[in-house]
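Chemist: One structure is given below, represented as structure tokens, and several questions about it will come after.
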Amino acid sequence: MNKLNRYSATLTQDTTLPGAQAMLHGIGLTEEDMNKAQVGIASAGYEGNTCNMHLNDLAKAIKAGVKDNELVGLIFNTIGVSDGMSNGTEGMRFSLQSRDIIADSIETVVSAQWYDAVITVMGCDKNMPGALMAMGRLNRPSIMVYGGTIDAGHHNGKDLDIISAFEALGQKIAGDITPEEFKEVVKHACPGSGACGGMYTANTMSSAIEALGMSLPYSSSNPAVSKVKQDECKAVGKAIRTLLEKNILPKDIMTEKAFENAMTIIMALGGSTNAVLHLIAIAKAVDVKLTIDDFQRISDRTPFIADLKPSGKYLMKDLHQVGGIPAVMKYLLNEGFLHGDCLTVTGKTVAENLADVPELAADQQIIVPVTSPIKATGHLQILYGNLAAEGSVAKITGKEGLKFSGPAKVFNTEFDLNDSVLSGKIQKGDVVVIRYQGPKGAPGMPEMLKPTSLIMGAGLGKSVALITDGRFSGGTHGFVVGHITPEAQNGGLIGLLKDGDIITIDAERRVLNAELSDEEIASRRAAWQQPAWRATKGTLAKYIKNVSSASEGCVTDEL
Ligand SMILES: CC[C@H](C)C(=O)C(=O)O
Ligand SMILES: [Mg+2]
């Protein structure tokens, strides 16, 4: 029997399980195959999203490479939902919970089918953390393949992407573009397969997971439609065999220092606030204690050095052309910001992987020197105060300033706010508050991309702040604070705010306060009653019942 065989021998070798062996023959395994290790290939492929529409084809390329390495590759599917499509609709309440459904589904299939190893091929925002959570729970040799970033759209000589479409609505309302121009931007923003092209959540998570050591070098920046992505898929089979032979497991790779590498790359690149939630959830799956305060610690020591959308100019496909994420990691390692001794899915360390990686192109303009950064510390700041007793996450690149104070304009849904922006009721100096958008209150902690895009598109990005107990898309930029805990539904102060209350956001002092007396707060709290749950059956009701707070990663599997 092949010495690699472990879990799968449970089915292939136990003569008291003739049904299992009959089924395995039925799917085409030969007697020889019965002695080979089995690799579950989990694909989040489905037709309904640019990030995912090509993944099943990549899964077939992965399977071919697995077979070439004397292993049995067996493809299965998990689900996915599109953030780009659901943002701005009630459908966005299903996005974050899809992460945990993906984790549960991969854990379920690999456990029930007794696979020896796992390769996941993932695309949109929540697919990747869901896959990594499953890998951590299973702790079997595992590699994630990122489906890859989308190419730029083009119109009128300009590079376009998904955020161009979201922000075009605000520009049209402000009269900066015509309705015809708006239509053309929408039609040309997404040219085909691939995940949203800026340093949004998908590219943030793929970069963080490569820095974490759980995908092959270049996986995060190899474009979706490229020969290098195809080559990567064919190479994964050899890599998973190495992990099986050396018995290298996710818990050997996803260590505290590896999570510091992941947080560092997120800060350097200006990545999505969602990474805070997701890395905490992934860390819990491998029993690593990671808190929101660890993000502040890494932010304090990591300069923001990437001119990447949403706050900058370039896309991941541009970064790929000047060296990709490995070149950025090599630069950060050489400057002392990364741990080089962390093990990765190549079977080698970070430093060994990067030794032969070409440096960033000499004439590139995307990554600036750490000695002259865009911002001396990270763009993610953890704020506390009477509005965030258990923490909150601010995305502040410094381009909109570091302190904001103004009167609250309070909304219980994003749709009411959107109407107010569209009808010009939001004024310069306002602090927009969108509450009851938390994991239990919404439920599902939706991303507030449409509101922030409307505000940015209407030219109010530097003069209006937005705070919420919901989340932000990676495409969000401006003066924004999300993940406010405790959420309104759980009695958080954000739920007691009224129009006109003065809100202070101070990114330097890391404070988020409502300027209200203790007596006023006590009076309002005495009058507050918890609103009815917005879901009483089905998947969202289960989510309400099980989900932890945003500061705890919104996990659903803690007893
Ligand atoms: C650009 C918006 C993208 C679809 C997203 O949802 C994110 O980055 O979180
Ligand atoms: Mg998203």
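The backbone N, Cα and C atoms fix where each Cβ goes, and this holds for glycine too.
Heads up, TrEMBL stuff is auto-annotated, nobody curated it.
The shown structure was predicted, so the numbers you read here are calculated from the model rather than taken from an experiment.
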Chemist: Need one residue: from ASP83, ASP159, ASP161, ASP176, the one TrEMBL lists with ASP125, LYS126, GLU447 for Mg(2+).
Modeler: ASP83
Chemist: List, in sequence order, those binding-site residues among CYS51, ASP125, LYS126 whose Cα sits within 10 Å of the Cα of SER473 (active site, proton acceptor).
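Modeler: For SER473 (active site, proton acceptor), the binding-site residues whose Cα atoms are within 10 Å come to ASP125.
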Chemist: Can you check what DSSP calls SER473 (active site, proton acceptor), collapsed to helix, strand or coil?
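Modeler: The residue in question, SER473 (active site, proton acceptor), is coil (DSSP, three-state).
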Chemist: Taking the centroid of the Cβ atoms of ASP83, ASP125, LYS126, GLU447 as the Mg(2+) site, which other residues of that chain lie with their Cβ within 8 Å of it, listed in sequence order?
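Modeler: Apart from ASP83, ASP125, LYS126, GLU447, the close residues are VAL81, SER86, ASN87, MET92, SER95, LEU96, CYS124, THR201, ASN274, SER473.
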Chemist: What does DSSP assign ASP83 (Mg(2+) binding site), in three states?
Modeler: helix
Chemist: Looking only at Cβ atoms, how many others are within 10 Å of the one on SER473 (active site, proton acceptor)?
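Modeler: By my count, 31.
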Chemist: Taking a cut-off of under 6 Å between Cβ and any atom of ligand 1, tell me which of the recorded positions CYS51, ASP83, ASP125, LYS126, SER473 pass.
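Modeler: Going through CYS51, ASP83, ASP125, LYS126, SER473 in sequence order, those close to ligand 1 turn out to be ASP83, ASP125, SER473.
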